[in-house]
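These notes are about the structure you will find just below.
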Amino acid sequence: MTQNSSTPSSLQDVEKPAMDTEATILPIVAQSPTSDIEKAASLTEPKGPPPGGFNPSQFPDGGLQAWLCVLGCFCILFCSFGWINSIGVFQEYYQTHQLRAYSASTVSWISSLEVFFMFAGGPVIGKLYDNYGPRRLLLGGTLLHVFGLMMASLASEYYQFILAQGICSPIGASMIFYPAMSTIPTWFFRKRGAAFGIVAAGSSLGGVIFPIMVQRLIVEVGFGWAMRTGAFLILALMVVAILTVESRFPPSKKPWSIKDFVIPLKELTYDLVSLGSFLFFMGIFLPINYIILEAEHYGMDPSLAQYLVPILNAASLFGRTIPGFLADKIGRYNMMMIMCFFTSILVLAMWIPSTTNAPIIVFAALYGFGSGAFVSLTPSLIAQISDVRQIGVRSGTLFAIISVASLVGNPIGGALLTKWNGEYTGLQVFAGVLTFAGYGSCLQMSTARAVLLTCGRSIVLSLARVRLAGWKVMTKI
């Protein structure tokens, strides 16, 4: 009796059962035998985050500091992913202005490198986050992101756009993106899907404002000052983020080891989520990158076509918030499975036959809603199966994996466009199929096989859900 009464409060919290279905999949110590917990009572309480850091009752799930962190992360997503979501504007502009001598596939390497470097640094940046916290990364990332855009405003040659907008700027965007994705899970558990949805809405708002702003400013003040104005806006918002984004846990310095990045890949559920995300990301940016050019190809007036990317991103605002709130009710894996199937069907059933203004506009809006959910839900999927103090490196490893898919997706789409003599059918089928090694095989694919393979990304993520909760459809997971 004496021994039990002396049990530290943190260990008593550990002994409490998980408070909902989702908590049981986390690597908490609540399932340890009672004898082990009694032995732990005689030990000195460890420093750093408490062992019960994974118990839902220990997450604030609100409060001034938590919501200020959400505000700062919203600004980060506006400046990072919001800018990346504007790549369709630059693809169209460069092909008709500075880089008109280059093919669509060649020009698309700029946008592909943007997405690649945005995500590829995940493991390293995630480890830096775990060791040093978010503040230093936000400062360094802001400097690189703004500097890269300033240099792009002065560029006139292809290699200059590659170095400034394709490499420097997205490396900075990556350094600010990952702290936002890794900080939110330390403050929220039950409301994690909603919090991520609000944060991800920042990228949608950025994806609406940046394209319109850049296109209007190019006409008014020229390309150079349009880019510099965007850079100044990013700088102002990042000041807010630097002052408000803070992790609930202090950084814990650990030695660097390649095992930190490999260990997550030994978990089947993690592997399934990674594979499904890889397949999805190989095609997710193709409509964003090419929808303006495709619309103009089918006769849409350029003054109307320039609003397609803002329309897509405006719809993704709802796609990133509404599914996030619903995910907290019906389960995050359940919600992701639904949205993946919806997007898969949408690409093949609607985008391919859309050749007039109205269907293309409707597709842009619906695709924005469907694809937007993926951005907000993916981090919460990883957080749900991870030790919250290892969120940085585990999220970084996932995004590094999908960065490879985002790197090759747009150039392959551009090559398909050339192969089909300027027709978009091959590119559209590729965006729907996603699962093949060489684009030549896509050209011979039957409709039935295309539909089957397109569902592949949804099926893989569904398998991750089955791995966690079994085949019971009504289980919240």
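Cβ coordinates come from backbone N, Cα and C, glycine included.
Straight from TrEMBL, the features:
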type     : residues : note
DOMAIN   : 65-449   : domain 'Major facilitator superfamily (MFS) profile'
TRANSMEM : 64-84    : transmembrane segment
TRANSMEM : 104-125  : transmembrane segment
TRANSMEM : 161-181  : transmembrane segment
TRANSMEM : 193-213  : transmembrane segment
TRANSMEM : 225-247  : transmembrane segment
TRANSMEM : 268-292  : transmembrane segment
TRANSMEM : 304-326  : transmembrane segment
TRANSMEM : 333-352  : transmembrane segment
TRANSMEM : 358-377  : transmembrane segment
TRANSMEM : 398-418  : transmembrane segment
TRANSMEM : 424-443  : transmembrane segment
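Long-range contacts of the transmembrane segment (358-377) within the same chain, counting only residues at least 6 positions beyond its ends with a Cβ under 8 Å from a Cβ of the stretch, are 81, 193, 196-197, 199-201, 203-204, 277, 280, 284, 287, 291, 294-295, 298, 300, 308-309, 311-321, 323-324, 327, 332, 335-336, 339-340, 342-343, 346-347, 350-351. Between the transmembrane segment (268-292) and the transmembrane segment (104-125), three or more CB pairs separated by 6 or more residues in sequence fall under 8 Å, so the two stretches touch. A Cβ distance under 8 Å defines the sequence-distant neighbours of the transmembrane segment (225-247), meaning residues of its chain 6+ beyond its ends; these are 65, 68-69, 71-73, 75-76, 78-79, 83, 133-135, 138-139, 142, 145-146, 149-150, 152-153, 176, 179-180, 182-183, 186, 210, 213-214, 217-218.
In this chain, the transmembrane segment (64-84) lies in contact with the transmembrane segment (161-181); the count of Cβ pairs under 8 Å, excluding pairs fewer than 6 apart in sequence, is at least 3. By the Cβ criterion (under 8 Å, sequence separation of 6 or more), the transmembrane segment (104-125) is in contact with the transmembrane segment (398-418), since 3+ such pairs are found. With a cut-off of 8 Å between Cβ atoms, the residues of this chain six or more beyond the transmembrane segment (398-418) that come close are 103-109, 111-113, 115-123, 178, 264, 270, 273-274, 277-286, 289-290, 378, 382, 424, 426-427, 430-431, 439, 442-443. When pLDDT values are averaged over the domain 'Major facilitator superfamily (MFS) profile' (65-449), the model yields 85. Remote same-chain residues near the transmembrane segment (304-326) are listed as 82, 85-86, 88-89, 92, 193-198, 200-201, 203-208, 211-212, 215, 287-288, 291-292, 295-296, 335, 339, 357, 360-361, 364-373, 375-377, 380 (criterion: CB distance under 8 Å, separation of at least six residues from the stretch ends).
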